[in-house]
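Copied over from TrEMBL, here are the features:
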ACT_SITE  Glu353  active site, proton donor
ACT_SITE  His384  active site
ACT_SITE  Lys504  active site
Amino acid sequence: MTPPSARPEWQALQQHAATIQATHLRDLFASDATRGERLTAEAAGLYLDYSKQRVTDETLGKLVALAEAVGLREQIAAMFTGATLNNTEQRAVLHVALRAPRGAVIEVDGQNVVPEVYAVLDRMAQFVDQVRSGVWRGYTGKPIRNIVNIGIGGSDLGPAMAYDALRQYSARELTLRFISNVDATDFAEAVRDLEANETLFIVASKTFTTLETMANAQTARQWLLDRLGDKEAVARHFVAVSTNAKEVAAFGIDPANMFGFWDWVGGRYSMTSAIGLSTMLALGSGSYHAMLGGFRAMDDHFRSAPFAQNLPVLMGLLAVWYTSFMGAETQAVLPYDQYLRRFPAYLQQLTMESNGKRVRRDGAAVDYETGAIYWGEPGTNGQHSFYQLIHQGTKLIPCDFIGFCHSLNPVGQHHDLLMANMFAQAEALAFGKSAEAVAASGTPAWLVPHRTFPGNRPSSTILAERLTPASLGALIALYEHSVFTQSAVWGINAFDQWGVELGKVLAAQILPELSSNSEPTLNHDSSTNSLIRRYRAAQG
Ligand code: F6P
């Protein structure tokens with residue numbers, strides 16, 4: 001496999017980066033009056049303005065040439081047709097099949113998976129209707145009022161984020177809670193005001209072996225039994241979402257109450273699989289399918305649009321540009337919508353578990369930077385905490401601003417205030433305020449450096465009409481495919497996560513050392529040994 005960095009297209013970008021490092025966004029805008037209209041693209045209800053990115057037409061041409069050279073087009077086609085792209089786990093990567101149209105044909109090992117997808121979606125819809133209409137009742141005959149999703153990582157972050165994002169579309173009479181952390185505080189606080197006989201637990205785990213989820217599920221079962229006093233109650237209050245029917249049955253959940261998915265769905269790409277059951281319970285199946293429609297619209301666009309107008313490709317190539325050529329280490333994601341407050345957390349798993357890799361698919365070490373650190377907070381809160389560093393610090397931090405033309409809570413002037421801030425921040429970052437302009441406004445000379453904004457700080461703005469199930473779906477798919485684009489250029493496998501394994505193994509080793517009655521022989525390093533001894537001593 002040719003390393004991307006050995007390609008002439010890569011080297012051309014390296015040379016070109018020196019030119020761009022010396023070019024200010026002020027000059028790029030001054031020399032092209034139409035830049036703000038030209039460097040934009042639109043699809044699936046999302047408008048992307050990337051004119052405030054530190055790129056020229058030449059940069060974009062060179063990035064697209066690199067994408068072509070590494071075979072991005074072929075890799076996209078391979079993903080959509082069920083190729084074994086996850087080479088280290090020998091799996092297809094087919095989250096796009098989860099939102100394909102009902103009649104589509106997508107084959108894995110010669111078998112069309114779309115009918116299976118719809119069989120599960122239809123079962124989910126049936127179950128959701130029963131719960132929401134009160135046909136499905138708890139053990140004591142009461143309707144379900146509380147839904148508690150127990151899962152972690154991809155079995156938590158997507159559903160938790162989507163519930164927050166789409167609260168306006170949810171059945172407000174239902175209470176939804178999400179338990180992920182093995183810290184019992186998460187469980188205790190989530191259930192403390194819930195009545196067991198009105199509560200449905202969804203145990204969501206692809207593998208059904210994840211330590212945190214299994215511990216929380218056992219605790220939930222005990223909590224229920226302590227209150228309802230009969231094992232028979234479990235069947236009315238627990239359902240499972242998993243690929244592992246055997247473990248689900250071993251836990252004691254009736255396989256009839258299990259919603260399945262498949263090993264070709266990666267955990268962090270699973271929110272449109274049955275992992276979305278809590279989302280469907282909150283929204284109802286109509287709005288859930290509208291969300292799938294938004295994902296699908298972006299999938300179709302990604303698959304077919306020319307690279308120069310392809311939103312996920314453009315965003316992915318910009319991410320490669322900053323990470324591998326311009327020296328940026330992080331990417332801020334700044335949603336100007338309170339409903340998207342969990343979106344950055346969701347993106348952290350999607351992006352960093354996918355592209356936090358140091359070897360390529362063939363095992364060779366990369367000689368370039370990969371996967372940026374993604375982080376962020378909803379605007380305007382971030383403005384009053386960390387934006388200072390983005391404006392005047394020494395680091396280059398590309399930002400994604402995300403906003404909507406209409407608020408779902410149109411109260412007074414709030415939305416104009418919110419959006420004025422979003423537009424202003426992107427403008428201030430790009431253009432700054434020169435020392436001359438600061439001095440000219442009467443600032444004493446000694447204060448001028450402190451009040452100068454260098455500008456030239458890049459951002460994209462993603463603007464949609466309104467936050468809806470469909471626009472949320474399109475937004476998530478946009479980032480999913482941007483991640484794919486980055487991985488394709490870097491030549492890495494975005495679909496495995498071996499880096500989470502070592503900690504799990506060591507935790508399993510340490511657990512008995514913490515709880516054993518006799519003093520254990522510790523064979524860790526001196527730091528870990530003494531931390532364990534101190535912890536044990538504190539337990540008495
Ligand atoms: O953290 C590793 C990981 O495997 C994630 O990739 C996954 O989303 C999460 O754990 C939860 O896994 P599961 O759904 O199998 O419980």
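Glycine is no exception: its Cβ is also placed from the backbone N, Cα and C atoms.
Known features from TrEMBL, placed on the structure.
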residue	record	contacts (Cβ under 8 Å, 6+ apart)
Glu353	active site, proton donor	Gly153, Arg268, Gln497, Gly499, Val500
His384	active site	none
Lys504	active site	Leu211
